[in-house]
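**Student:** These came from TrEMBL, pasted as-is:
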type     : residues : note
ACT_SITE : E128     : active site, proton acceptor
ACT_SITE : Y140     : active site, proton donor
BINDING  : N133     : acetyl-CoA binding site
DOMAIN   : 26-173   : domain 'N-acetyltransferase'
Amino acid sequence: MSAALQPFADGNWPDVPVMPVLPNGWSIGRMSALDLAAVSEIEHRAYSHPWTRGNFENSLKAGHLGLTLRDPTHTLVGYAVLMPVVDEMHLLNITIDPRRQRQGLGRMLLAVTLATSHDHRLHTMLLEVRPSNVGAIALYEEAGFAEIGRRRGYYPAGAQGREDALVLRRGWLAEEA
Ligand SMILES: CC(C)(COP(=O)(O)OP(=O)(O)OC[C@H]1O[C@@H](n2cnc3c(N)ncnc32)[C@H](O)[C@@H]1OP(=O)(O)O)[C@@H](O)C(=O)NCCC(=O)NCCS
């Protein structure tokens, strides 16, 4: 696979999200209970403070929208969890298998989550991110997210400490669809 996977031909994120065309053989699916073993396995390798399998189960039971990204061999390489709240979409989780990071897959999956939000007629996406997660922040900024706030001590951190969360938002106009 190309090291420079780009969801958009010109490399620019569109003002109004559109569903990216996946490379041949790649697929986006709806996360189900059947995916949770593979999801949890990646989650525990990807985070210092991972979601538990029960967190994913509860999220799906609560009606959150889980998305999976699979490669042409049908291997799960990433996933995202989205929560609609009134007129906003909250991105609760977006993860790429650490073995497959920095190949453009996070960019692809983030573009899918934005387009999915637009398809649900929700024109704002919100997310929280650790200030130390410079890679994710770089990706979100590239996608047009901007910081709108900070939640003090939101995340658990090493040795019983806590880390703030930055709150990032991207909005777009409904009319331009
Ligand atoms: C954040 C994450 C989803 C990004 O996925 P990815 O597939 O590695 O990202 P991409 O390859 O699509 O990167 C797109 C751009 O984001 C930025 N970026 C991504 N990871 C980066 C890193 N570790 N350091 C610096 N910039 C990074 C770069 O600008 C990159 O473009 P480039 O590779 O052309 O320089 C992935 O690193 C991940 O799953 N991390 C662990 C879980 C996590 O932190 N999720 C976010 C929680 S808020």
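Glycine too: its Cβ is placed from the backbone N, Cα and C atoms.
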**Student:** According to DSSP, does the residue listed as 'acetyl-CoA binding site' fall in a helix, a strand, or coil?
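**Tutor:** Coil, per DSSP.
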**Student:** Counting only residues 6+ away in sequence within the same chain, which have a CB under 8 Å from the CB of Y140 (active site, proton donor)?
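**Tutor:** Listed in sequence order, they are L110, L127, V129, L168, R170.
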**Student:** Give me the long-range Cβ neighbours of E128 (active site, proton acceptor): same chain, 6+ apart, Cβ under 8 Å, in sequence order.
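**Tutor:** Result: R151, Y154, A165, L166, V167, L168.
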